[in-house]
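K.L.:
Pasting the feature list from TrEMBL:
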type	residues	note
TRANSMEM	35-58	transmembrane segment
TRANSMEM	70-90	transmembrane segment
TRANSMEM	476-497	transmembrane segment
TRANSMEM	509-527	transmembrane segment
TRANSMEM	533-554	transmembrane segment
TRANSMEM	566-586	transmembrane segment
TRANSMEM	592-614	transmembrane segment
TRANSMEM	626-648	transmembrane segment
TRANSMEM	654-672	transmembrane segment
Amino acid sequence: MYLTLGAVISIAGPMLVLQFDLNFTEIFGSWLMAGKIALVIIILSISFLFGGMSLGIIFKNHHTQMPKIYMSDLIGSGMGVVIAVLLMNIIEVQKTAFLVSVPALTAAILYAKKWRKTIPITMIVALLALLPKAETWLNKPREERFELIYQHWDAMAQLKVLKRSDNFYYSVIDNAAHAPTIGFDGNYNKPDSLKKYPGYPMPYIVKRFDSCTFLALGAGGGGDVLNALNSGATEIHAVEVVPHLNDLMEEGFLHDFTGEIYSHKNVKVITEDGRAYVRQFENKFDIIYSLSSNTFASLASGAFALAENYLFTKEAFEDYYDAMTEDGIMLLDHQFYIPRLTTAVIQALKNKGVDDPQLHIAIFHSYPGRRKMILIGKKPLKKEVINNAFPSLTAGESPYLTEEYPNPPDSLKNNLVSQIIKHGWEQIQDTVATDLSPTTDDRPFAAQMGLWKNFDIGNIDKISPYEFKGFPVAKLLILVILLVVGLIVIPINLIPFLKKGNKLTFNGWSFFFLIGVAFMAIEVILIQKYTRFIGPGSYTFVTILFTLLLASGIGSRFSQNFKSSIPFIGIILWVLSDIFLFEYLLNAVDSLPLFGRILITIILILPLGFFMGMPFPKGTKRVGELIDWGFAINGAASVLGSTAIMLVAFNFGYNMALLAGAAAYLLAMLIARSQKKWITE
């Protein structure tokens with residue numbers, strides 16, 4: 001019955017939640033919005049409640065067989081991850097979400113008696129019959145700025161194509177990045193005045209090279225590629241991480257619309273993470289071009305504040321520096337990140353032995369688009385290059401671009417980026433609302449610019465709740481989630497203390513809590529940390545989860561063959577190895593193709609997963625039938641741990657977050673070694 005109820009809610013819950021008009025930036029100034037978000041958390045938790053009740057009953061009734069049962073649970077979860085991602089790529093996301101309840105309903109058929117089997121059977125038949133409705137029922141209509149002419153949603157991204165005009169489309173990724181897709185007739189012999197240069201015109205920069213090798217870092221809908229072709233680049237590497245977008249540009253309807261630019265003899269199309277490709281490329285680039293396609297609205301919403309971004313870290317700029325020819329140049333633009341990225345660029349140049357990094361940088365401001373652009377030279381940038389890089393600077397026409405560094409006009413002499421370059425970010429941080437510290441591979445949260453000093457609960461209704469204005473949206477959202485979940489799950493897990501009969505002691509309760517926090521903390525951090533090595537997010541997600549769960553299942557099966565301390569020691573040693581040793585190994589092999597990077601990750605993660613699968617069945621042996629309570633504690637702690645650990649990562653980095661997870665396992669080991677009872681009457 002619980003399995004069937006959980007399956008029903010897993011479908012109905014998301015459909016209900018989609019009817020809520022949620023805006024996370026309003027949560028701090030509106031009790032109504034805060035209440036809506038709390039209600040959403042509760043609704044989406046109900047299916048897990050019923051699923052947990054089902055597993056709790058099974059664990060309680062068969063606790064003596066826990067190593068085998070837990071193995072089945074973990075391996076099944078790992079297989080579920082792989083199957084879900086495969087289905088998302090085959091039948092798209094909404095239909096896959098519609099089918100997530102089928103495994104639970106199948107289990108209900110196996111577990112139910114006689115006529116009760118007809119209920120889950122009927123539901124499965126109904127789900128399959130209603131599958132075509134999934135895209136309508138699991139979709140919230142969105143008012144688009146322009147006509148929606150195409151959409152596709154797979155495990156990698158949600159892709160939409162919006163028609164702004166007959167000759168101008170936007171390829172929109174995850175309702176955030178709007179990549180210009182320009183209609184083109186394929187004629188490259190037009191006069192320069194009639195050529196299209198999406199983004200920043202680059203004929204001067206490109207023609208500095210006899211044969212220009214150009215990297216479009218995040219090629220999107222091909223706007224950067226068209227710019228490079230019209231500017232005269234002779235070898236263009238169009239790197240885009242979203243496979244379906246490249247398919248549309250190479251073979252789909254965008255192929256003809258864009259004048260078949262992706263079939264041009266000078267263009268090489270690569271579906272790969274941009275940073276990974278830079279490391280793989282054996283030669284050098286004359287120009288590395290990265291034009292932000294994020295809209296002001298998407299950035300203002302805080303949509304990226306919780307996400308890692310390895311394209312803009314100090315180590316990334318070191319990679320770009322190494323990948324440029326001796327006269328190479330990198331162009332990078334963004335609405336809000338440039339001040340912070342300037343600190344990362346300066347640090348990267350210093351790390352590469354550049355004595356005067358300020359001579360290698362020029363920064364411009366685009367007034368109509370509220371954007372800034374940074375020009376980075378492998379050699380010191382000559383005044384001639386800075387003055388002639390973009391036509392609008394020398395044409396005496398519209399002040400489309402204004403130089404902010406090194407020669408700003410009098411009205412901008414004290415602009416922020418100039419102050420950062422002249423005095424260093426540490427000297428001016430206290431006078432600035434946003435975080436200026438350089439992002440690193442260990443702490444790659446470029447969008448998280450908010451600082452706690454800007455949070456004033458007394459004036460919360462007067463504050464602009466945006467990261468780019470210094471408000472700590474991401475951190476506060478996590479605290480709100482922790483508060484809501486904690487107020488629900490912690491008291492529930494304390495209720496059994498009020499009942500008569502056998503109870504867990506403080507040690508027993510704490511053991512299951514600690515291993516729940518630790519397991520999820522390490523899992524979440526590994527997914528984000530290994531994104532830098534593997535690349536595309538969905539591949540990392542599948543690789544880490546499947547490997548951890550599969551290996552944990554095997555570890556559970558053999559858990560009783562190891563002494564109580566061995567699993568914990570193995571986990572702690574692995575974490576220390578990841579922090580102090582694996583980084584060098586991964587850097588040595590990061591030029592491998594995607595399959596090779598995935599294989600290396602699997603080999604590294606398997607031993608960790610093997611040991612992480614052991615503590616729970618070992619704890620079961622100590623508490624017997626009370627494992628249903630232990631499982632409830634463990635599940636609650638998993639939710640709290642997976643959320644709270646991000647606060648550690650935001651403030652101190654991934655390595656410290658992994659150490660926090662290892663510390664939780666260390667405390668659990670001390671409890672496991674203790675002779676104190678775990679059960680009391």
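Keep in mind that glycine also has a Cβ here, set from the backbone N, Cα and C atoms.
Annotations in TrEMBL come from automatic prediction, not curation.
Note that the coordinates shown come from a computational prediction; the quantities given were computed from them, not determined experimentally.
Tell me about the setting of these features in this model.
P.N.:
Using a Cβ-Cβ cut-off under 8 Å and counting only residues 6 or more beyond its ends in the same chain, the transmembrane segment (35-58) has close neighbours at 2-3, 5-7, 9-10, 13-14, 16-17, 20-22, 24, 27, 69, 73, 104, 107, 111, 480-481, 484-485, 488, 627-628, 631-632, 635.
Sequence-distant contacts of the transmembrane segment (476-497) (same chain, at least 6 residues past either end, Cβ-Cβ under 8 Å): 24, 27-28, 34, 37-38, 41-42, 45, 302, 306, 455, 503-504, 509, 629, 632-633, 635-636, 639-640, 643-644, 646-647.
For the transmembrane segment (533-554), same-chain residues at least 6 beyond its ends with a Cβ under 8 Å from one of its own Cβ atoms are 70-75, 77-79, 81-82, 85, 155-156, 241, 272-273, 275-276, 523, 526-527, 586, 590, 594, 597-598, 600-602, 605-610, 612-613.
Residues 518, 522, 533, 555, 559, 600, 604, 607-608, 610-612, 614-615, 618, 655, 658-659, 661-662, 665-666, 668-669, 672 of the same chain, all 6+ positions outside the transmembrane segment (566-586), place their C-beta atoms under 8 angstroms from a C-beta of that stretch.
With a threshold of 8 Å between CB atoms, the same-chain residues lying at least 6 positions outside the transmembrane segment (592-614) that come near it are 70-71, 74, 272, 276, 280, 519, 522, 526, 530, 533-536, 539-540, 543-544, 547-556, 558-559, 562, 566-568, 570-571, 574-575, 578, 582, 585-586.
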K.L.:
Who are the long-range neighbours of the transmembrane segment (626-648) in its own chain, taking Cβ under 8 Å and residues 6 or more past its ends?
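P.N.:
Same-chain contacts beyond the flanks: 48, 52, 55-57, 59-60, 63, 66, 306, 475, 478-479, 481-482, 485-486, 489-490, 492-493, 496, 502-504, 508-509, 511-521, 523-525, 616, 619-620, 656-657, 660-661, 664, 679.
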